[in-house]
Amino acid sequence: MEDDCRPLLSSGQTGGSYSHRGSADSLDFKAKRPFHVEPRNIIGDDLQERVSAEAAILNSRVHYYGRLTGSSDRLLSPPDHVIPRPEEIYIYSPLGTAFKVGGGEHASKNPSIITIFAIWNTMMGTSILSIPWGIKQAGFTLGSVILIVLGLLMLYCCYIVLKSPKAIPYLDTSDWEFPDVCRYYFGKFGQWLSLIFSMVSLIGAMVVYWVLMSNFLYNTGQFIYNYAHNVNTSDSEFGTNGSDKVICPYPNTNPIGNNSVGMSFITKSGNDTSDVGSFEYWWSKTNTIPLYLIILLLPLLCFRSASFFARFTFLGTISVVYLIVLVTIKAVRLGFHLEFHWFNGTQFYVPEFRVFFPQLTGVLTLAFFIHNCIITLMKSNKHQENNVRDLSVAYLLVGLTYLYVGVIIFAAFPSPPLSKSCIEPNFLDNFPSSDVMVFVARTLLLFQMITVYPLLGYLVRVQMMGQIFGKHYPSFLHVLALNILIVGTGVLMAKFYPNIGSIIRFSGAACGLALVFVFPALVHMISLKRQGALRWPSALFHSFLILLGVANLLAQFFM
């Protein structure tokens, strides 16, 4: 009973224990933890074990703290010496029994294979559709080399991010994310800057999703309309013949606009084409489809919780696997069409080394980007000592997937009669809407993006509203205003600049500047300098990474 006479509030708490008490995300963090009973206070080994009188007194003390603690005052929340370690959690019952919590933190750990494919699935986004276009912009040989080298550099930077919390001494960083690390080293400025660039990557992805959803919905509707009304698309002078037709929407220029009927000639058996013209007027890829999506997606963005949409993340894996199968089948049917012209292109082939390679580096920066959530993903790994190995294997799988899709599509693109320069930023646009296999791919991707888009909006809302207002859902009007701003940006881009390659490379280069190159390199150098272990080769290499990030962003404006 001697402990009950001690002061309830201890002045000896370390700063690390309360380092997040000023954050809205940690509201009632300790007050809501279940009541803990130390193993020595448990009587018996049965499932409903009796609780000793000493444990009951300890429970009363926790309830006393609960009465003192207000809804927004965490100063009087139960300190660590009252609540034991999380792995010793027992839930106390008023009937005098304590139940050990099953499926706790340790039970939720995943084996390495699950962790690896979770990283692979998270990174496999819309960028995979633009990899063939990026290789075309850089040249086949140079593009393949850049993909491998940049993948290795981003793996190293991701490794720095992963180990950065553990390099901070004297503080408990077990629940820290990379923005917390940036705040530790750079103060509020670093935290806000990392938040801003994280928003750039998320909003950029949402804009790309809106453009792609408009594209996929248009082509899906076009396929259904043509099939229902017996409308046939005749071979265009800009496409190949045969069952596996490949088209070139813009053979001479690369305009940005509504190309809904520019790729082929449309004929209808029997009657005139007035109905077709009316359908095209109301079913336009850039004029009407982006507006139709507002009716579906704006209400979904206003949901308070995104847990319902998280159940459909498996669609991402199905879509990527189907894309790989589609690419393989198309390559087998079309064959390979390659000629190597090192510096000067021809009518049908682009040179192996092109000055437009920064467009590929911008796309790859977003394609390999997982740095803002890698710490969270790795926390669920059962064998923490294998984190570096599992991260490396995951990056290897991602790199091989990108390299396979990019190289196969580029090599199989039929040249002649079409030029390699016809490869579109979304390589599915090089196949007509009447292609059944491509129709299935577009439908799968459409449903996947409809479920992922609200998740991205939820992440934007949580991070932005949490930082500004201290609440994830301050009010319906606040959330609606933010969602209208995000949706409006997507609609405008889908109407006036539906080039996903350029959107991906700009957003990738922007977020990569801070979260991939600058912050990880600076954090690593500062950490080594404080340990007295910074040497000039390391300082030179990490300074090169910073310059590479800056050059990658600036080069996008000159392409």
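Cβ atoms are placed via backbone N, Cα and C, with glycine included.
Unlike curated entries, TrEMBL annotations are predicted automatically.
Annotation source TrEMBL lists region 'Disordered' at 1-23.
Annotated transmembrane segment per TrEMBL: 113-135 (among others), in sequence order.
Look at TrEMBL and you will find 115-226 (among others) tagged as domain 'Amino acid transporter transmembrane'.
The transmembrane segment feature in TrEMBL is assigned to 141-162 (among others).
Marked as transmembrane segment by TrEMBL: 192-212 (among others).
TrEMBL lists 256-550 (among others) with the feature domain 'Amino acid transporter transmembrane'.
Using a Cβ-Cβ cut-off under 8 Å and counting only residues 6 or more beyond its ends in the same chain, the transmembrane segment (289-307) has close neighbours at 210, 213-214, 217-218, 283, 450, 453-455, 457-458, 473, 476, 479-480, 483-484, 486-487, 490-491, 494-495. The transmembrane segment annotation in TrEMBL covers 289-307 (among others).
With a threshold of 8 Å between CB atoms, the same-chain residues lying at least 6 positions outside the transmembrane segment (314-336) that come near it are 117, 121, 124, 128, 243-244, 246, 401, 404-405, 408-409, 411-414, 437-438, 440-441, 444-445, 447-448, 451-452. Residues or ranges marked as transmembrane segment by TrEMBL: 314-336 (among others).
Under the heading transmembrane segment, TrEMBL lists 356-378 (among others). Through the fold, the transmembrane segment (356-378) approaches residues 115, 118-119, 122-123, 125, 127-128, 130-131, 133-135, 137-139, 142-143, 146-147, 150-151, 154-155, 157-158, 161-162, 165, 176-178, 194, 198, 201, 204-205, 384, 387, 390-391, 395, 398-399, 402, 501-502, 504-509, 511-512, 515-516, 520, 552, 555-556, 558-559 of its own chain, all at least 6 residues removed from its boundaries and within a Cβ separation under 8 Å.
According to TrEMBL, the feature transmembrane segment maps to 390-413 (among others).
For 436-456 (among others), the entry in TrEMBL reads transmembrane segment.
What TrEMBL lists as transmembrane segment is 476-497 (among others).
The annotation transmembrane segment is assigned in TrEMBL to 503-527 (among others). Panel annotation: around the transmembrane segment (503-527), residues 126-127, 130, 134, 154, 157-158, 160-161, 164, 167-168, 178, 181-182, 185-186, 190, 193-194, 196-198, 200-201, 203-205, 207-208, 211, 358-359, 361-367, 369, 371-372, 493, 497, 534, 538-539, 542-543, 545-546, 548-550, 552-553, 555-556, 559 of the same chain, lying at least six beyond its termini, place a Cβ under 8 Å from a Cβ of the stretch.
Taking Cβ pairs closer than 8 Å, the transmembrane segment (539-558) reaches residues 153, 157, 358-359, 361-362, 365, 505-506, 509-510, 512-514, 516-518, 520-522, 524-525 in its own chain, all 6 or more past its ends. The feature transmembrane segment is assigned by TrEMBL to 539-558 (among others).
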Contact set, same chain, for the transmembrane segment (436-456): CB under 8 Å, 6 or more residues outside the stretch: 126, 202, 205-206, 209-210, 212-213, 215-217, 219-220, 223, 296-297, 300-301, 303, 306, 309-310, 312-313, 315-316, 318-319, 322-323, 326, 329-330, 428
Closest-packing stretch to the transmembrane segment (476-497), where packing means Cβ pairs under 8 Å, from 141-162, 192-212, 390-413: 192-212
Selection from 113-135, 192-212, 390-413, the stretch that has most Cβ pairs under 8 A to the transmembrane segment (141-162): 390-413
Residue distribution over DSSP helix, strand and coil in the domain 'Amino acid transporter transmembrane' (115-226): 97 helix, 0 strand, 15 coil
Residues from the same chain, set at least six apart from the ends of the transmembrane segment (390-413), whose C-beta lies under 8 A from its own: 112, 115-117, 119-120, 123-124, 127-128, 131-132, 134-136, 140, 143-144, 147-148, 151, 154-155, 158-159, 162, 246, 320, 323-324, 327-328, 330-331, 334-338, 364, 367-368, 374, 378, 381, 420, 422-423, 427, 430
